[in-house]
Amino acid sequence: MFIWNTWKCHLWFLLITVFPTSFISGLFYHEHVIPSSEKRLIKQLIDNYEKAGKIGRPVKNTKDRVVVGYGLSLFQLLDLDEKNQILTINVWAKYTWIDQLLRWDPANYSNIREVRIPPSVIWTPDIVLYNYADERLKEKRDVMLNVDYMGRVFWSPPAIFKSNCPIDIKNFPFDYQHCFLKFASWTYNSEQLDLQFLDNRTEVDIDQYTSSNEWSLVARPAYRFIMLSDECGKEIPDLTFFLFLKRNPAFYGYLLVFPCVLLSVITTVIFWLPPQIPAKMILSMNIFVAFSLLLKILAVSTPSASTIVPYLGYFYCLNMTLLSLSTFASTIVVHLHFQRVKSKHVPPWLIKVVRFFATLLHVSKLEPAVTDTNQKLSVVEAQIKNAKMKQSIKSENLLDTWSSNQQTPPLNTQSNLMHTSGVDSQWDFNKIQIPEDYFLNPSELSILQKQQLLMMSDNSRVSYPIGVNGCQPSGYHPTQTYPQQKSNHWGEFPINQVNESESDKIHDKMLKKFQQCRRQSRRSTIQLGFNLGDLCNALKQLMLKISKKDEIAQRDREWRLVLMTIDRLFCWFYSIVVIVAGVYLLFPRGRSHTVNEIIAMHQEAYDIRNQAVAKQCMAGYSKTI
């Protein structure tokens, strides 16, 4: 009994103390975990969506159309890859639509008019970039959606879009590029989802845009196009946002254009160097390598698979072609300069052409080529003959003068003079006029002839100067007079003391002396003839060598002048071509097409495609009938 009373007391104690305390604590805890009106609203909206289903358009009537407003806010232009033709931009994509399953009465939820819901739990439009060039499968980031009590949904996820962009590098680096981003629903047509511009703003929003260092944004229009789907009669609206870009050419101007202009000026100076200098070829090849390096940089900066070559590349190739021609011409000139012995004369027709251009370009005219190698020898021989003739005439005049001034001796002294004949010999004994009486035997002389030798003045003495071996010296002058004095050569012959026997002795002595001189003169004349012949042959060989050397020099000079004229012509041709090509190819120019023209071309492309789809639909409909 006692035990029962004890348990009874404990039971009443628990009921009075413990259970009321637990109940009160439970009530207090329940007041703190009650969700807010926003949470209850969000939970209520999500529960309703789960009951209705996430898949499918958020409409109560299937025939209702969901109108989606779409806008694009450009934040940054990340890159325009000309080589791969990909445009990369950082944007905020803006969506608006009405979801009929996301409506509530603000009065039931503490007057809450707007809540944030994750996009993963409700329906979102499948607006995608049609001309994407991204390896990623997801372009947008997960951000919350703003939903108001009327069911209007606003969604602005940041995204990085990569779209293909056809690059026109014709005017690189002064080029304009236009890229576009085409957005449309991937599965819904216009009867199910109508895509419109957000707030009717037909352009790209740039309120938060950060300018690019390489590109300037020129225009940013947006247009709505309609394309026919493969399902006949169904239309798919799409929004196309255009970006017209202009390249900032400062970087490429200093890297590609400015060095090109300097190299072109240096190339013009090359043509003024002498053509035969090998350094000209070396300088030309160095400039050629420099242009090749610039062309390599240009190739790296532009699309490798492009069918269009930039004008700057044409300018490089033009300079390289002209440099190659100049180097080829210089090589020919250097070859002719070092192989001038084997080269031929300048053709007559080329001389005429060169003379014509030399007059226009103020280049020294060519002298006529030497066609006869013996022409100079003939001139020299004629001069030698004239000198011989003049010397012969002079000698004869001197002989006549001496004969007239001297007293005629009995032995016909003037006949001792030797006739000079230019360079043949100093004395010609064949022409000595000696009376035949002096060469007769003494016994054959008549008394009268002997008396002639004795008929002289008493005080007169005759001396005949004789040189070596009793012959006339080379320095003998016929105008020289000989006074009556002792002679060491012939001795003294006192005429007034000569009798007949002595006269015979004198005659014999003179005869022997003259015969001896005559033999020596003949030997000297023959030897002198041989020596003179050798001298003429040596002179002729020397003149041949001189003539040949002059001919080679003249030929070399002709070819140098021809190439100088060609170089000067090339210089003017290169200058004109480079200036004209530089003005046309290097100077900046405007856009090839205006904004309206490009949009019109897009519209034309849509029309052509829609017509093709319509024809296919008509053909399929006729087959079914």
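In case you wondered, yes, glycine gets a Cβ from its N, Cα and C as well.
What TrEMBL records for 38-249 is domain 'Neurotransmitter-gated ion-channel ligand-binding'.
Residues annotated as domain 'Neurotransmitter-gated ion-channel transmembrane' in TrEMBL: 256-582.
Annotation source TrEMBL lists transmembrane segment at 12-30 (among others).
The annotation transmembrane segment is assigned in TrEMBL to 251-274 (among others).
What TrEMBL records for 281-299 (among others) is transmembrane segment. Same-chain neighbours of the transmembrane segment (281-299): 172, 255-256, 259-260, 263, 266-267, 270, 273, 310, 312-313, 316-317, 319-320, 323-324, 326-327, 330-331, 334, counting only residues six or more beyond its ends whose CB sits under 8 Å from a CB of the stretch.
What TrEMBL records for 311-334 (among others) is transmembrane segment. Through the fold, the transmembrane segment (311-334) approaches residues 170-173, 256-257, 260, 263-264, 267, 270-271, 275-278, 280-281, 284-285, 287-288, 291-292, 294-295, 298-299, 302, 559-560, 563, 566-567, 570, 574, 577-578, 581-582, 584-586 of its own chain, all at least 6 residues removed from its boundaries and within a Cβ separation under 8 Å.
The transmembrane segment feature in TrEMBL is assigned to 569-587 (among others). Panel annotation: around the transmembrane segment (569-587), residues 174, 257, 260-261, 264, 267-268, 271-272, 311-312, 314-315, 318-319, 322, 325-326, 329, 357, 361 of the same chain, lying at least six beyond its termini, place a Cβ under 8 Å from a Cβ of the stretch.
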Intrachain residues whose Cβ lies under 8 Å of the transmembrane segment (251-274), provided they are six or more past its termini: 172-173, 214, 280, 283-284, 287, 290-291, 294, 297-298, 301, 312, 315-316, 319, 322-323, 326, 560, 564, 567-568, 570-571, 574-575, 578, 582, 586
